[in-house]
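What Swiss-Prot says about this protein:
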{"type": "TRANSMEM", "residues": "17-37", "note": "transmembrane segment"}
{"type": "TRANSMEM", "residues": "75-95", "note": "transmembrane segment"}
{"type": "TRANSMEM", "residues": "120-140", "note": "transmembrane segment"}
{"type": "TRANSMEM", "residues": "163-183", "note": "transmembrane segment"}
{"type": "TRANSMEM", "residues": "195-215", "note": "transmembrane segment"}
{"type": "TRANSMEM", "residues": "230-250", "note": "transmembrane segment"}
{"type": "TRANSMEM", "residues": "287-307", "note": "transmembrane segment"}
{"type": "TRANSMEM", "residues": "326-346", "note": "transmembrane segment"}
{"type": "TRANSMEM", "residues": "386-406", "note": "transmembrane segment"}
{"type": "TRANSMEM", "residues": "412-432", "note": "transmembrane segment"}
Amino acid sequence: MATLRQVFSISELRQKIFFTFSLLALCRIGVFIPVPGINGDRAVAYFNQLLGSSQNLFQLADIFSGGAFAQMTVIALGVVPYISASIIVQLLVVFMPTLQREMREAPDQGKRKLGRMTRLFTLLLACVQSLLFAKFALRMNLVVPGIVLPAMLSLKLFGIPCVFYLTTVVVMTTGTLLLMWIGEQISDKGIGNGISLIITLGMLASFPSVLGSIFNKLNLGSQDPSEFGIVSLLVLCAVFVFVLMATVLIIEGVRKVPVQHARRIIGRREVLGGGSYLPLKVNYAGVIPVIFASSLLMFPATIGQFLSSESSWLKRIATMLSPGSVVYSIFYVLLIIFFTYFWTATQFRPEQIASEMKKNGAFIPGIRQGKPTQSYLEYTMNRVTLLGAVFLAVVAILPSILGRILRVDANVSYFLGGTAMLIVVGVVLDTMKQIDAFLLVRRYDGVLKKDRPKGRR
């Protein structure tokens, strides 16, 4: 209670929190606004039947969108196009020397340029996905011309309902762009990472349905190991606790590199250098690799699923990339490891750290300053990142294993077993750290209470 009073006693922090929650509430309103021309009840019934059948791609998409996908609403695409666009732009930076040079010479201008490129790619990807979404809705007979704008939605050109396609593309693309704008506003003026908070909000919104699935499937009196009984429930709870602890451990874990400071002369006095350490995070990328890997696999799989009835090879691709399959699991693990290294390489700057240490007279015992320090930091970070990447992949892949062993619905295993839990816990910890830093600047005890010297009030 004392911490909450501290949080809300600071006017600026209180305004940031209120601003963040207000925009997140606006996101949830979009879940209840259907795409014009689509029968919402028929769509929900169809997806309920589909989602209850097996571990399907649409289950993961529905969790990411907070239930908007199954209801076919204006924000059904969620922020997946934005995340895919961010991946494309980050890869372009790596493979285009001109962008790298611009980022080094004018970081602010480079960031603005990357932001414009990300928005452009988001627009293009959202248009493509919403077009496929409209085609899928027509094929599944989920469109009822006459629900909204009866005259316009019934118009056809060469037998193709062009107005319906145009309406769906405009509405759903606008929904994605609105979510992107909200995420950027939260990151700039609120608390936490806006896009990550939107994803987390959608996942938390599916928690009641997860609990409902557990209790509907639970059969306490059954002795059949193939049914979901008390033993399966206890195993599920144990896995939930393990994933929770492992997530906190992997996100908060650091490798402490000892640092010694040289003697300095201040005025006429010689001050002895003290010892400290440089913390290298075990998982420097946080939950970014999980979000990137899930979104990247979701994009081609969604296209294959939408067009599977028109091509046998697309149907095979959709089946292979369906969550829970062996191919999906292999790609998922490899992508998590790749994006962990990729994000660490783009964000961790050993040459800058080595340069700052040399300027401040700091050194690592047994390692010369300058280039040797940079090489040592790169070597150490690569080893630490490997451990973090493998651990992250193991925790993230638990849902498919859990679903097969315990025979629970995919939404339960996704939420309690790995992917969703990693994202939710990681984003919550990151947001708490931002609030903690905000409080410490003003000499308050942080939200994440640790033993630390207190400043004067």
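In case you wondered, yes, glycine gets a Cβ from its N, Cα and C as well.
Packing against the transmembrane segment (120-140) from elsewhere in the chain are residues 35, 38, 43, 46, 72, 76-77, 80-82, 84-85, 88-89, 161, 164-165, 168-169, 171-173, 176-177, 180, 299, 302-303, 305-307, 309: each is 6 or more residues past its ends and has a CB under 8 Å from a CB in it. Beyond the transmembrane segment (75-95), the same-chain residues lying 6 or more positions past its ends with a Cβ under 8 Å from any Cβ of the stretch are 27, 30-31, 33, 35, 61, 64-66, 68-69, 103, 114, 117-122, 124-126, 129-130, 133, 172, 175-176, 178-180, 183, 195, 198-199, 202, 291-292, 295-296, 298-299, 342, 346.
Residues 90, 93-94, 283-285, 288-290, 292-294, 296-297, 301, 320, 381-382, 385, 388-390, 392-393, 396-397, 400 of the same chain lie 6+ residues outside the transmembrane segment (326-346) yet bring a C-beta within less than 8 angstroms of a C-beta in it.
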